[in-house]
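> Quick one: the structure is below, questions incoming.
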Amino acid sequence: MEPIDDRIMVTGGAGYIGSHTVIELIEAGYTPVIVDNLSNSSLEAIKRVESITGKEIEFHHVDIMNEKALDEIFETGNIRSVIHFAGLKAVGESNKLPLKYYNNNIAGTLTLLNLMDKHRVKKLVFSSSATVYGDPHTVPITEDFPLSATNPYGRTKLYVEGILQDLCASDPEWNCIMLRYFNPVGAHPSGLIGEDPKDIPNNLMPYVTQTAIGKRPILSIFGNDYNTPDGTGVRDFIHVVDLAKGHISALSSLHSKKQGCVAYNLGTGRGYSVLEMVGALKQASHKEIPYQIVSRRKGDVASSFADPSKALKELGWKATHNQDDMCRDAWKWQSLNPNGYSDS
């Protein structure tokens, strides 16, 4: 492949989705520049990405709220565009600590946007979320659904989307793509990188795999009285490698044509219940996964899955990994790294 020689800043590039996206960037010929404060990620992830790709990666241990340090990276970096992952993402914690979430996710993004504007780097791929749809009345969800978050985390994504729309409306040089993720699962097929929450996991799959491997005595399932086929919540689980590739498709689109500000769903278009995912992981791991039903979690919705047809039509992207792939790769990562990156 001919080198593209584009330097792409990746905020939060040491995190779960960020690290997988960095691999795809390198494979597509881009040069990633990672900016991460390592608050919920690990330097080991970057080392392993270097091992997978055979490339040395530029890394800056910088918080996006540190305006001076971030400014210096833009000054010297010759950055063409930015993929913005950095942010806090625990729904439950956001209900308890809303100011922390508004400060980090909104004020931090404003710091980044001001510097991008200053340095005339006006192309952004933003890591949004399906939480901006709140509790949808019908599924599948299209991008023109009404937006209303049910928790502070979702509201931070919603507010940033509004800021980006205002920015693009005020200045035609700005181009932003907002990727509304559904539920990322799985890991790189090498088993070298995957989801390694430093504290309490925010996503279902680490709970399931940690229970299967014996790190947790029992899996708690939040509610079995939803209006779904088996009573447990239904979600659009998407393989993290598919999600990462979606960012490359978005970046390619940003670089090739005038966008304005556009939102895309990144999902499979298929919902699986929590119990279905537990069953699939049980098959992949050949392990028993004891579970208990506990009360619903505040802010959780019954069913959420995407209509991803707009991303296929306009970005040429679609998810290719199925449920078995997701569970196989999640289990490979967990079984090879029982304690995550701290095993290294």
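Along the chain as shown, the residues are counted starting at 1.
From the backbone N, Cα and C atoms, a Cβ is placed for every residue, glycine too.
Below, the features straight out of Swiss-Prot:
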{"type": "BINDING", "residues": "G15, Y16, I17, D36, N37, L38, S39, N40, D63, I64, F85, K89, K157, Y181", "note": "NAD(+) binding site"}
{"type": "BINDING", "residues": "129-131, 181-183, 202-204, 220-222, R235, 297-300", "note": "substrate binding site"}
{"type": "ACT_SITE", "residues": "Y153", "note": "active site, proton acceptor"}
> Using Y153 (active site, proton acceptor) as the reference point, find which of the binding-site residues G15, S220, G299 has the shortest Cα-to-Cα distance to it.
G299
> Between G299 (substrate binding site) and S39 (NAD(+) binding site), how many Å separate their Cα atoms?
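G299 (substrate binding site) and S39 (NAD(+) binding site) have their Cα atoms 24 Å apart.
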> Which of the binding-site residues Y181, N202, S220, R235 has its Cα closest in space to the Cα of S39 (NAD(+) binding site)?
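Given the candidates Y181, N202, S220, R235, the nearest one is N202.
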> Among all protein chains shown, how many Cβ atoms are found within 10 Å of the Cβ of K157 (NAD(+) binding site), not counting that one?
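The answer is 26.
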> Using C-alpha atoms only, work out the spacing between G15 (NAD(+) binding site) and N202 (substrate binding site) and round it to an integer in Å.
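Distance (Cα to Cα, whole Å): 13 Å.
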> Does DSSP put R235 (substrate binding site) in a helix, in a strand, or in coil?
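Assignment for R235 (substrate binding site) reads strand.
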> Can you grab the distance from Y181 (substrate binding site) over to F85 (NAD(+) binding site)? Cα atoms, rounded to a whole Å.
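Between the alpha carbons of Y181 (substrate binding site) and F85 (NAD(+) binding site) there are 11 Å.
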> How long is the line from the C-alpha of D63 (NAD(+) binding site) to the C-alpha of S129 (substrate binding site), rounded to the nearest angstrom?
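Each residue's Cα considered, D63 (NAD(+) binding site) and S129 (substrate binding site) end up 21 Å apart.
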> Any idea what the Cα distance is from K157 (NAD(+) binding site) over to S129 (substrate binding site), rounded to a whole Å?
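About 7 Å separate the Cα atoms of these two residues.
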> Give me the count of other Cβ atoms within 10 A of the Cβ belonging to Y181 (substrate binding site).
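For Y181 (substrate binding site), the 10 Å Cβ neighbour count is 21.
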> Which one is it, among the binding-site residues I17, N37, F85, that lies nearest to S220 (substrate binding site) by Cα separation?
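That would be I17, nearest by Cα distance.
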> Count the other Cβ atoms sitting within 10 Å of the Cβ of G15 (NAD(+) binding site), across every protein chain shown.
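So the Cβ neighbour count for G15 (NAD(+) binding site) comes to 27.
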